[in-house]
Amino acid sequence: MEKWSLMTVTVLLALTVRWAVSLGSYSGAGKPPMYGDYEAQRHWQEITYNLPIRQWYFNTSDNNLLYWGLDYPPLTAYHSFVCAYIAKLINPDWVALHTSRGYESQPHKLFMRTTVFVADLLVYIPAVVLYCFSLKETSAKKKASTCALCILLYPGLILIDHGHFQYPLSLGLALWAVLCLSHDWDLLGSVAFCLALNYKQMELYHSLPFFCYLLGKCFKKGLKGKGLVLLAKLAGTVLVSFAACWLPFGTDVEQIMQVLRRLFPIDRGLFEACMFSSPTHCPDKVANIWCSLSVLIKIKNVISPRTQLKLSFAVTFLSLLPACIKLTVQPSLRGFKFALVSCALSFFLFSFQVHEKSILLVSVPVCLIINEIPFMATWFLLVSTFSLLPLLLKDELLLPFAVTTPAFLAVCLASFSILEKTSAEDLQLKAFSLSLRGYVSWFKSFPRIVRSLFLLSLSLMGVLSVLSAALPPPQRLPDLFPVAVALVSCLHFLLFLLYFNVVILWDSKNRGQKKIS
């Protein structure tokens, strides 16, 4: 009973923070003609409610795809339709075809914010709570609630979902999939992940770890016996799940192809919204390798779009290959969670048409291992939130950022004493350090070096945050601070990618894992 009391307080505190952030501004507020992501979500409700399904993804006189055309999979569209149905009952003006474009009012804002709260309460938060209770390392009542508190107070997700405006459904469904797999409910986990993927195509960031982990389990069971049966069941589950999601579009091949073209607009080139296309203008700033390199080399001017696609695919594939091979050969739940982080980070750094918000696809898996490597997880989560700073400033979310980020750090310091957990063993680098101890003399002072780098990183991020918020940039370099934020964040992410791959590749113990038989 006591553990549920502690968890109830934790959830109430998390909801209070979300409510406070939701009182502020949102993406594109009062900024015609395109407004922002808030208007995009409202517009999808307008389209899905007023138009037949066959027109949802096609350009027509009633559905101008250049104005926030639907570009997510069918489950997003179905969710928009459900929200629109409720909105119509409250106030038909909110979803009226054509005339509701750019609609803004306090009652409508309350409604839209409430839909995000409901998604959080029904999908994301329950998954976090149950996940924390399921952790063997957190069997103590206090440990489960403190772990949940750190995850639920992660500022990046709160600021994007309840500030900028976004639904946490795909990440919540992916978390349910991880939870199911941790209990060996492989078929239910497959269904949950298929739903996540059919809500947002960016869940492809997590697809290879799911595939490799389940395939590895089949190999371990033997492909001439139980493994083959499991593989057949998994394949059937995936096919049925996708068929159910795409059923309304399945009667027409052209419908399916049009949806796929909307989901994967490869003709746009390598950059979607992360182009440092000129020294004086970069509309959105993404802390990945292509945008960072474009500060020096204008990639889009020297490489054709098709070559960009091939290059991006090759680099992404090669960067995630070691973790995927290790997970397939030695499937373990611990390895699976670390592979989710590593593969998602590879996608973010090297893949095609990355948005700055995609860093959340890395951050949520990092939250899942915060109890195992609290120091590095906290550090990563702080950097990921910092990388969103240009977007948050654009949405006038500086105050929520300035409050929630230090508060999150304070909670992690109090919950895990992270500054005391910087030894090679605490960072899961013992095996790696033993292999280098004879060659690298400074490994003895490793904890002190790591703490110094952490404090230097915090100082740098703090200075750049203050400069970005308080000082106007030089006239000749109007994007100086956003570019600096992106470059600093990208450098951090590259080092984190190296770290997570070292942990994965040098881990031979798979401690605390159930034997797969």
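Cβ from N, Cα, C; glycine included.
TrEMBL lists 1-22 with the feature signal peptide. Under the heading transmembrane segment, TrEMBL lists 110-133, 145-167, 173-197, 227-249, 335-352, 359-382, 397-419, 453-471, 483-506.
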(request) Give me the stretch from 145-167, 173-197, 335-352, 359-382 with the greatest number of Cβ pairs under 8 Å to the transmembrane segment (483-506). (result) 335-352
(message) Does the transmembrane segment (359-382) come close to the transmembrane segment (335-352), meaning at least 3 CB pairs under 8 Å for residues 6 or more apart?
(response) yes
(message) Below 8 angstroms Cβ to Cβ, which residues of this chain, lying six or more residues outside the transmembrane segment (453-471), approach it?
(response) 375, 379, 382-383, 386, 389-390, 393, 398, 401-402, 409, 419, 422, 481-482, 484-485, 488, 492
(request) Return yes if the transmembrane segment (110-133) and the transmembrane segment (173-197) have at least 3 CB pairs under 8 Å (sequence gap of 6 or more), otherwise no. (result) yes
(message) Checking distant contacts: for the transmembrane segment (359-382), what same-chain residues at least six beyond its ends satisfy Cβ-Cβ under 8 A?
(response) 128, 131, 135, 137-138, 143, 147, 150-151, 154, 156-157, 160, 171, 174-175, 178, 202-203, 205-206, 287, 334, 337-338, 340-341, 344-345, 347-348, 388, 405, 408-409, 412, 415-416, 418-419, 421-422, 426-428, 450, 454, 457-458, 461, 492, 496, 499, 503
(message) Below 8 angstroms Cβ to Cβ, which residues of this chain, lying six or more residues outside the transmembrane segment (173-197), approach it?
(response) 73, 75, 123-124, 127-128, 130-131, 134, 203-204, 206-207, 210, 213-214, 217, 230, 233-234, 237-238, 241-242, 245, 333, 336-337, 340, 364, 368, 514
